[in-house]
Amino acid sequence: TEELIRRNAEHNDCVIFSLEELSLHQQEIERLEHIDKWCRDLKILYLQNNLIGKIENVSKLKKLEYLNLALNNIEKIENLEGCEWLAKLDLTVNFIGELSSIKSLQHNIHLKELFLMGNPCADFDGYRPFVVATLQQLKWLDGKEIERSERIQALQNFPEIEPQIRKQEEAYCLKRAKEKEDAQRKLQEEMEGDRSPSGCRDSESGDISATWYRRETCGAALRVRLLRGHWWPVLVFRSLSRMESNGHLQTPGAPEGHNRKRADNSQADLEFWNKPCLFTPESRLETLRHVEKQRRDREQLSEKKKKVKPSRTLITEDGKPLNVNEPKLDFSLKDDEHRNQITLDLAVYRYMDTSLIDVDVQPTYVRVTVKGKPFQLVLPAEVKPDSSSARRSQTTGHLVVCMPKVGRGRGSISALLGRFPRELHLSGLMTSIMALLIGWENQKVLL
């Protein structure tokens, strides 16, 4: 998806149209789409360790120089003719059995390195001479340099090697057809609820590429087996360890029936990972589906375990506000007699968006909600909510709430007089002003 590509394009400021290098490995990708439309300037593309079954939608990447498709489900080399500048192609550990499909790479005249080790075709008799003779532009095959003498000999023996390769391809295609049929039958049985305890069945063919493995050995990414004198890389899936899958076998305090159900699930999971199975694209997809099911089950279980926190009490039953500091923020409360106001300085996070802060001033208390967490403080005097103001400090980011107090005392008159020059305090004008203010204040108190 476009979101996935942008997430992996941080080095290019999340701009995808001008990307030259993109890494999408280990993303459980099953199909390539849109990448040749969105990222036409790509030069390096990493797609290893996914579940891609077909090479497609990359033909318009004219500038592509290196394509890594190792550890996928690819069975045929195709749709790469348009990658005019392709110089290195890595198809290590896939399921390529049609070795003759490499002929489609003859149009890639700049192709110098090719990796096919770990594919069924790499065990064919005459595999290397066939590739060397077919792709004469190659310089390296499976990490080994192609000597001039090797190429001359491969060209000389090509008429004899090609029929042998054809026969081996036909045998492999028959075997794969049976594997697909068995996998389809097993899938239908599982959908009907009739799960077979025997697991994956082996094909009748005795071909060395029918490699068995146990799913429980899932710690490493790749291991190698020696089969009839050939090193055969076998993919081992990264998935849940047995410790993780069995970690919740018994829950203290849980009902007996609940524990029995979890024990049954753990036993079934253990059987799944221990049963031998053919290393095929279908088995890789089956493993992915099983892991996804486990993940969904764990998420559902965690949601059930979540307890809804009771709402914090801010006002008692008799209407008395409480002091609450759920966001655990530092603060200071200042009673400014000169300005006749109360000032709250709340140390909210400097780079927090102001939209996440809500201020509510009441006559006897102030409440500030920070990211859904309430901060409430009882005020030492009654204030005027309508005249209150709140602002953020541009230097510290603190929230400053100014709340004027109700009424004015004599201290405020003295503060007002303090603003005039001292020589005017004894003048007749100042005496009159002072008398008027004191009279007005006394009248207000009497009212």
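Cβ atoms are placed via backbone N, Cα and C, with glycine included.
Marked as compositional bias 'Basic and acidic residues' by TrEMBL: 183-195, 291-303. What TrEMBL lists as domain 'U2A'/phosphoprotein 32 family A C-terminal' is 124-142. The region 'Disordered' annotation in TrEMBL covers 183-206, 245-265, 291-321.
Secondary structure counts, DSSP: the domain 'U2A'/phosphoprotein 32 family A C-terminal' (124-142) has 8 helix, 2 strand, 9 coil.
Per DSSP, the compositional bias 'Basic and acidic residues' (291-303) is made up of 13 helix, 0 strand, 0 coil. Each residue in the domain 'U2A'/phosphoprotein 32 family A C-terminal' (124-142) has a pLDDT score, and their mean in this model is 95.
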